[in-house]
Each structure stands twice: as C-alpha cells, then as structure tokens.
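For GLY104, ASN157, TYR158, MET159, GLU160, PHE161, SER162, ARG163, ASP226, the entry in TrEMBL reads (6S)-NADPHX binding site. Feature annotation from TrEMBL assigns ATP binding site to 197-201, 216-225. Under the heading domain 'YjeF C-terminal', TrEMBL lists 4-319.
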Amino acid sequence: MENIFQLVRNVIPPLAGKKHKGQDGRIGIIGGCQEYTGAPYFAAITALKVGADLSHVFCTKDAATVIKSYSPELIVHPVLDSPNAVHEVEKWLPRLHSIVIGPGLGRNDVLLENAKGIIEKSKVKGIPIVIDADGLWLISQQPSLIQGYQRAILTPNYMEFSRLYEAMLRDPVDSNDHHGCVLRLSQAMGNLTVVQKGERDLISDGEKVLVCSHEGSSRRCGGQGDLLSGSLGVLAHWAFLAGPEKTNGYDCISDSSSQMNPLSLWQLLQKCCQNPFLVAAFGACSLTRQCNNQAFQKFGRSMTASDMVSEVGTAFNKLFET
Ligand SMILES: NC(=O)C1=CN([C@@H]2O[C@H](COP(=O)(O)OP(=O)(O)OC[C@H]3O[C@@H](n4cnc5c(N)ncnc54)[C@H](OP(=O)(O)O)[C@@H]3O)[C@@H](O)[C@H]2O)[C@@H](O)CC1
Ligand SMILES: Nc1ncnc2c1ncn2[C@@H]1O[C@H](COP(=O)(O)OP(=O)(O)OP(=O)(O)O)[C@@H](O)[C@H]1O
Ligand SMILES: [Mg+2]
C-alpha cells in the first residue's frame, strides 16, 4: 500500500509562486436540486480543500441560493433546470479540468436528460468525468452513455454497485466474490475505473484490483461519498496530467519530484497501476477514510460530513505531504 501512497504523492502538483489561479484545478460539480443541497456542497468544498483553485457547482435554480449560503468559496450556476441547461454548462467546459456528475442530482427526468447531454459534451472534449450517486442511476438505465470512455471513473456505493452490476451482467452480485464482481463490471463497462465503496474499497480498471482498507471508523453518516467524489475530481485531474501525452504534466511533476523524472514516474504508474486513475482513486479513498478517522476521534457518534470536511487539510498533509 505504501508504494501506491508514493504514487499519489508524485502526482500532486507543487505549490509554486509562478502559478496563476486555476492552474491546480478547476472542477465542476453537476448536481444539487430541491431535495439535495448538501451533497454537491460537500463534493465542491472538498475539491477546494484538497487543492483545486476553483470549484463550480451547476445546480437547479432553487438549490443555488441555498448552496451559495453554505459557502462563499463556491461558484454556483443556477442552470441545471433551465431550458438550455446543456448549452449553459457547455460554455464552461473548456475552462474545467474535470467534472463530477451526480451528487444531489436527484432523479427527475429533465435533470437526468440534462446530465446526459453534459456527459456527451464532456466526452467530446475528453474531460475526465467522475460519476457518482444519481449520475450512476442514469448510467444503470443507459450504460452506453459512458461505456468505453476511459476517462470516466464510477464511484458506486453498495446499492449503486448492485444496480449497475445487474444492468450490465444480468446477474445478481456474488457476495462471496467482490473482487471478481468489480473486475467484471469494469470490463463490461469497457475497462473504465470502478471504485466499489464499502468496508474495504475495491478499485479496478478491469485488469487489476487495488484494495483500500485504510482505517476509517464505524460511523456511517451521509455525505462521506460526496467527499470522496469531490476529492477524486481533483486527483483524477492531477493523475491525468501525469500522463505521457501531457507536457504540462511533465513540467508540473518534474518540479514536484526532484528524485523522480517525469518519464520514470509515468513508467512507474504504468508498471504498478497502468491506469493513473487507479492511483487517483486510491488517493481519494484513503483521504476520505482518514478524514473519517480524524473526525470520529474528535466527535464520536455525533460526527457528521461537515466535521470530515474540516479534517481534509490535516488528513491530506498526514497522508501525502509528510
Ligand atoms: N446531505 C445531502 O444532501 C446528501 C444527499 N445525498 C444524495 O442522496 C441521493 C440518493 O443517494 P443514496 O446514496 O441515498 O441513494 P441509493 O443508492 O438509492 O441508496 C439508498 C438506499 O440504499 C440502501 N443501502 C445503502 N448502503 C447499503 C448497504 N451497504 N447495504 C444495504 N443497503 C444499503 C439503503 O436502503 P435502506 O437501508 O433504507 O433499506 C439506502 O437508504 C443522491 O443524490 C445523493 O447524492 C447523499 O449523498 C447523502 C447526503
Ligand atoms: N463499512 C465501512 N467501513 C469503513 N469505511 C466505509 C464503510 N462503508 C463505506 N466506507 C467509506 O465511506 C466512504 C463513503 O462510502 P459510502 O458507501 O458511505 O458512500 P455513499 O453511500 O455514496 O455516501 P453518501 O452518503 O455521500 O452518498 C468511502 O470512503 C468508503 O470507503
Ligand atoms: Mg453517494
């Protein structure tokens, strides 16, 4: 596990005086509706606290003021239920490094249709897409929407995994073979990265399975998955930059890691994981579990997702900057 932590550390861009605002990540969260305003907030604020420079939330009109009132740091666009929602989000896509689709999206048909349009536009632009929560509901209805798009990462919880698995494999999940199930689901989706959250998180690209069993706690309040998808939005972008075709990434990484040149980092990523998204997912899972662990030590049973958000900075430092 320590080797994978090292890989996560290596894709984190250095803090440097010459950088401009936005360079370390502009992340978009697609979600937030009348019922759910907490989920997109948790994802978006976590993205910022992990180290993104700007975090945008694209939500419905009635959710926007509520989400803005939680935090002045978020940029909130009340467009998701507008008649030209896809176009309104598309205008921003060239400025976004990754998007997270689904936290608090809800299951309203119009919103799901708009989410579908946003996924299609993002695919054309090659943007990394994390799909969580109701975004996964959409995918289990229409898997072809994301099947084979290797810049997508799915982050299902127990129920979301079962729904996706049954939709794709036409079989119930085999509770004696979690490894096999996550491998098969990833393969059926065209080898995109699948993060099966649970007591142990299983992360697969259809070839390998990484296990994250970093210590969390037994407190299971809502919103923890939203921290995970928000942090993964940033880490997926950073890991993607470490890819060989990204000169910018090479520059970033050669700055950050004096012992390891960019080529050897890429070779290490290939050798150990092949897919840098596996490294990103491992980073997001271990960070979420560390936040849970720290917050639980302070608050015990009263711990909530907001308490975990307050731990992101120290958890990140402990795991990745020591
Ligand atoms: N503050 C906010 O705004 C938050 C908003 N959120 C938003 O809510 C939306 C819906 O998301 P979701 O995760 O609640 O929906 P879904 O996948 O249908 O699961 C629901 C049911 O699955 C079951 N279940 C779950 N785990 C299980 C297990 N291990 N083993 C067995 N069963 C298990 C369990 O069923 P039950 O125990 O009730 O029978 C549970 O009730 C989505 O937009 C999301 O982002 C959340 O992010 C939280 C914070
Ligand atoms: N039994 C468990 N023990 C330890 N950690 C767990 C357990 N179940 C889930 N987790 C961790 O909690 C985080 C969120 O997973 P969870 O299954 O709660 O997501 P979720 O249902 O999508 O959450 P949300 O309420 O945000 O929608 C993950 O980092 C996962 O590793
Ligand atoms: Mg969830």
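Think of each number as a place in line: the chain as shown, counted from 1.
Backbone N, Cα and C atoms are what each Cβ position is placed from, and that goes for glycine too.
Automatic, uncurated: that is what TrEMBL annotation is.
The Cβ of SER217 (ATP binding site) lies under 8 Å from the Cβ of ASN292, ASN293, PHE296, MET303, each on the same chain and at least six residues away in sequence. Within 10 Å of its Cβ, the residue among the binding-site residues GLY104, GLY223, GLY225 with the fewest other Cβ atoms is GLY223.
Summary: among the binding-site residues (LYS197, ARG219), the fewest other C-beta atoms within 10 A of the C-beta are counted at ARG219. Looking at GLU160, GLU199, ASP201, ASP226, the binding-site residues in this record, the fewest other C-beta atoms within 10 angstroms of the C-beta turn up around GLU199.
Packing around SER162 ((6S)-NADPHX binding site) is summarised by its Cβ count: 16 other Cβ atoms lie within 10 angstroms of its Cβ, all protein chains included. Look at ARG219 (ATP binding site): DSSP puts it in coil. Long-range C-beta contacts of TYR158 ((6S)-NADPHX binding site), restricted to its own chain and to partners at least six residues apart, with a cutoff below 8 Å, comprise LYS197, GLY198.
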